[in-house]
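S.K.: What TrEMBL lists as domain 'Thiazole synthase ThiG' is A:3-248. Annotation source TrEMBL lists active site, schiff-base intermediate with DXP at A:LYS96. Summarising the annotation, TrEMBL assigns 1-deoxy-D-xylulose 5-phosphate binding site to A:GLY157, A:ALA183, A:GLY184, A:ASN205, A:THR206.
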Amino acid sequence: MLKIGSYEFSSRLLLGTGKYPDFDVQKEAVDVSETEILTFSVRRMNIFDANQPNFLEKLDVGKYTLLPNTAGAKTAEEAVRIAKLAKASGLCDMIKVEVIGCQKTLLPDPLETLKASEELLKEGFTVLPYTSDDVLLAKRLEELGCHAIMPGASPIGSGQGIVNPLNLRFIIEQSTVPVIVDAGIGVPSDAAMAMELGADGVLLNTAVSGAKDPVKMAQAMKLAIEAGRLGFEAGRIPKKRYATASSPTEGMSVS
Amino acid sequence: MELVINGDKIDVPDTVETVDNLIQHFGLSEKVVIVEQNQIIVEKGSHQETKLCNGDKIELVHFVGGG
């Protein structure tokens, strides 16, 4: 069970909803992923085209917990405003705090992320900040009362996988709230690795939506996260410098 | 009445007096639409009683795909 604030989930995959080729493929990908948490962004409506389809309408919303993000915010103030707009939908009280500090790397601004998280916690949100893999920043966010910490594996949409497994492990080891590896996942083995390191969940989007076959990749990610989690729970063997035989060394039949 | 909706100046008929009227006017009643009037969020339950004034800055936002 993944517990975030007062919520409980059996799936450890959080799925983004951006950049799919079409809604049918997206719907199928969401179904096979068995995710229970979907992220969204908040944007202006096109009021002159009320019939423009929206993915949210294709979903049985009651089946999912919505995790809106504050993407687009460059300051804590902007992030808080977007979070409040999202909450006013009446559909959710969870928020992924995302305050981007650099448009080239899309890395989060640590100070604004901290400020926004603090404010949103005061407002009663369930707060999940997207953060860099800085160990002390993760600690500070947890001390504020954040309900989960979401360090990036590598830059958003880059598909580079986990570039600093050591920092991720430090964050995981020190955290008493769930750690969800968010952003940069490229292939199922990246997701499995995050889970093997002890992450409580993985949030990904482009790895699935941008795959040649998003439905198949959604299933692959689901399986990888399950496999990684099982592997973590099972407890890995220690790494050794030299070989140890797995077959008995006694009782050899030699002529 | 002239409103600034999502950054654009837009004329709406005089029959549009409340936030709820505005949502109906644009055919958005069935949609998940979040409303901000002059930078203050108008909660869903207050759409009917919230009056609009000439020059109001209105934001109509919704959820779109994102990661």
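Numbers run from 1 along the shown chain.
Note: Cβ is positioned from N, Cα and C throughout, glycine not excepted.
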S.K.: Counting every protein chain present, what is the number of Cβ atoms, excluding its own, within 10 Å of the Cβ of A:GLY157 (1-deoxy-D-xylulose 5-phosphate binding site)?
M.R.: 19
S.K.: For the residue listed as 'active site, schiff-base intermediate with DXP', which of the three DSSP-derived states applies: helix, strand, or coil?
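M.R.: Once the DSSP labels are grouped into three classes, the residue listed as 'active site, schiff-base intermediate with DXP' ends up as strand.
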S.K.: Using a 10 Å cut-off on Cβ-Cβ distances across all protein chains shown, tell me which of the binding-site residues (A:ASN205, A:THR206) has the largest neighbour count.
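M.R.: Counting Cβ neighbours within 10 Å, the top one is A:ASN205.
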S.K.: May I ask you to pick out the recorded positions among A:LYS96, A:GLY184, A:ASN205, A:THR206 with a CB closer than 8 angstroms to chain B's CB atoms, ordered by sequence, or 'none' if no residue qualifies?
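M.R.: Cβ contacts with B, in sequence order: A:ASN205, A:THR206.
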S.K.: Please state whether DSSP places A:THR206 (1-deoxy-D-xylulose 5-phosphate binding site) in a helix, a strand or coil.
M.R.: helix
S.K.: For A:ALA183 (1-deoxy-D-xylulose 5-phosphate binding site), what residues in its own chain, 6 or more apart in sequence, show a Cβ-Cβ distance under 8 Å?
M.R.: A:TYR130, A:GLY152, A:ALA153, A:SER154, A:PRO155, A:ILE156, A:GLY157, A:LEU203, A:LEU204
S.K.: Measuring Cα to Cα, how many angstrom lie between A:THR206 (1-deoxy-D-xylulose 5-phosphate binding site) and A:LYS96 (active site, schiff-base intermediate with DXP)?
M.R.: 17
S.K.: Given A:ASN205 (1-deoxy-D-xylulose 5-phosphate binding site) and the residue listed as 'active site, schiff-base intermediate with DXP', what distance in Å do their CA atoms have, once rounded to a whole number?
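M.R.: That separation, Cα to Cα, works out to 14 Å.
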